[in-house]
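Student: Before we start, here is the structure in question, set down as structure tokens.
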Amino acid sequence: MSIILGIDPGSRITGYGVIRQNGRHLQYLGSGCIRMSEKELPGRLKQIYAGVSEIITQFQPDVFAIEQVFMSKNADSALKLGQARGSAIVAAVNADLPVYEYAARLIKQAVTGTGGADKAQVQHMVMSMLKLPAKPQADAADGLGVAICHANTNKTLIALAGKATSARRGRYR
């Protein structure tokens, strides 16, 4: 059983989602958005760090998962996104959490079955998978999607490790 914090980074709005994974079962614990009020980037980065640190303190996750930077036509936007990710990652590392990164297409595929899904599809599937009474905000749904992606990836790795271990044991007996 582990608690997973998923982060959808942004320099203006950073979405987050927290789930508990118990085997195949996923339980919703919380989600929301860190909205930056500062106009200048250094102030927004400080808000991201403080917000993620507060979420870590509140939920005590075992794992931190975050969306990777995607290549953008606008280099300035990509750099700002990278800095926002860095602020969130530093908060996780300071809390001694293992950090996992996932590509946006992989996250969408884990949640909806297709890497080209739009935000509405992600919201709908997150609501369905976690049995939520209403659709979460788009950025919060993306944060939950990151957490779900990690949970699904983690289950697969555990299953593969178990098969590899039993196969190896079987060969040497």
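Indices start at 1 and increase along the chain as displayed.
Every residue, even glycine, has its Cβ placed from backbone N, Cα and C.
Here's the feature list from TrEMBL:
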BINDING   ASP8, ASP139  Mg(2+) 1 binding site
ACT_SITE  ASP8  active site
BINDING   GLU67  Mg(2+) 2 binding site
ACT_SITE  GLU67  active site
ACT_SITE  ASP139  active site
Student: Can you tell me the CA-to-CA distance separating the residue listed as 'Mg(2+) 2 binding site' and ASP139 (Mg(2+) 1 binding site), as a whole number of Å?
Tutor: 12
Student: If we count other C-beta atoms within 10 Å, could you say which of the binding-site residues ASP8, ASP139 has the fewest?
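Tutor: It is ASP139 that, of the binding-site residues ASP8, ASP139, has the fewest other Cβ atoms within 10 Å.
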Student: Please state whether DSSP places ASP139 (Mg(2+) 1 binding site) in a helix, a strand or coil.
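Tutor: ASP139 (Mg(2+) 1 binding site) sits in a helix per DSSP.
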Student: Once the chains shown are all counted, how many other Cβ atoms turn up within 10 Å of the Cβ of the residue listed as 'Mg(2+) 2 binding site'?
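Tutor: Around the Cβ of the residue listed as 'Mg(2+) 2 binding site', 25 other Cβ atoms lie within 10 Å.
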